[in-house]
Amino acid sequence: MLLFALALLLAILQPSTGQFPRVCANVQSLLSKECCPPWDGDGSPCGELSSRGSCQNILLSQAPLGPQFPFSGVDDREDWPSVFYNRTCRCEGNFMGFNCGECKFGFSGLDCTERQVKTRRNIFQLTASEKNKFLAYLNLAKNIPSQDYVVATGTYAQMSNGSNPMFRDINVYDLFVWMHYYASRDTLLGGSNVWRDIDFAHEAPGFLPWHRVFLLMWERQIQRITGDENFTIPYWDWRDAEDCEVCNDEYMGGRHPTNPNLLSPASIFSSWQVICTRSEEYNSQQALCNATSEGPIRRNPGNNDKSRTPRLPSSADVEFCLSLTQYESGPMDKMANYSFRNTLEGFADPQTAISNPAQSGLHNALHIYMNGSMSQVQGSANDPIFVLHHAFVDSIFERWLRRHRPMLEVYPAANAPIGHNRENYMVPFIPLYRNGEFFKPSRELGYDYEYLQEPALQSFQDFLTPYLQQARQIWAWLVGAAVLGGIVTAVLTGLIRACRKKKGGTSSEIQPLLIESEDYNNISYQSNF
């Protein structure tokens, strides 16, 4: 009965975020290259009559890309989403959505003027009822079709450049699995040729912002289909874990009693079917994943290749990663050294920050450790542990942002791998989001993490940390400047006093060189490094 009621609720909810809006997956929209659906509130495209937004040409970044992808015009994801649409809704103010019918992340209310910050919590801190509700929400998402979005089952060329649309329905959970696949799939070059060194969501600067948007969208979709506007994704803090603490039937599914690669029949997730896991098959057929079922979730935690991933990440690994001051470096891919992003993603050693793709650290270590569906990049989101894991990875990203307080300019504007420059739109999201828009503190996006809500004193210490680190680097200069300043001040003071004694006073028409003591005490000075 609950499932039926929630399914009924879904039909009347406003659209949310996803891949191809259903209303734009047709011949007219593809041939005109325009996706500007009407907002139900006033019936006008993009809610223009209500000043929510308007239909505009897409402004693509012209910044140069890195050398990793030596082709042009062979992949539908290049200059996303211009192959499919070159006009979409540009929303105003705090409005968002493919038809400007939603509020931006962090805002709510009829006019999207009410700020809100929700808290993501440790899954082990949830009450039994809260935990069971989370599991039920996951299962509901797996069994309810998306009302607003469809997925592409062919390339634009296979769609005869728009005259033969190839889309299909998909359930809410698998919509996100498919999006993760589509962003990370190989480029189909024709014949049996593919290009593997391409990924719009991994191995480059956009890894953390992309997954941040992914989780925000997923979180909002669950809120929509359940009517639970207070829902937030829980996280699994895996630091120093000796094994997979969530891999039991009380949480995300235990081990099958006779087949260690499958989930326990007592878990609701044992009946789930995966999609988009057969990349070599798609490549050989020069086809896209069509979102058909491909078997059960596979997971055999801990029985992975120990030479590549000997253990789960430690607290020391995380702390070292957080100490890195550069967000990105060098080629800005998986070979980057001393890069916070590359170290957190797991392609650099978490004790030295030197690139070593043969080993898997931090984020990557969890995927490899699960030894199953989670361990293949394109289909990894099939395992619901994915959202718990990435919520915690995002919290580490958030800690780094709060500790180092980078300017937006820290995120690379040019020469990153394809799709990862600051102004590039993220593949395959519609409405459109730029990478740089999510290189900001989570509280500005409407959420926080329970374990990061520290006492005021600790927050003050975190605020001072980057400045103290800078001060340590230039302490000798500071001491020298202080000594020199003291000498200069003493000399000037002596000269001024001598001049005063010589003149014996100051005419009322002549302004004094120094401010009178009463005024002097009312002025505050601020020095800038």
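Just so it is clear, glycine is given a Cβ too, placed from its N, Cα and C backbone atoms.
The feature domain 'Tyrosinase copper-binding' is assigned by TrEMBL to 202-219 (among others). Non-local neighbours of the domain 'Tyrosinase copper-binding' (202-219) in the same chain are 16-18, 105, 176, 179-180, 183-184, 231-233, 327-328, 332-334, 341, 344-345, 347, 377, 387, 390-391, 393-394, 397, 411-412, 416-417, 419-421, 424, 426, 429, 433, 435-439, 442, 445, 447; each lies 6+ residues outside the stretch with a CB under 8 Å from one of its CB atoms.
Sorting the domain 'Tyrosinase copper-binding' (383-394) by DSSP state (H, G, I as helix; E, B as strand; all else coil) yields 10 helix, 0 strand, 2 coil. Per TrEMBL, domain 'Tyrosinase copper-binding' is recorded for 383-394 (among others).
Feature annotation from TrEMBL assigns region 'Disordered' to 287-313.
Per TrEMBL, signal peptide is recorded for 1-18.
Residues annotated as transmembrane segment in TrEMBL: 474-496.
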The predicted model's mean pLDDT over the domain 'Tyrosinase copper-binding' (383-394) is 98
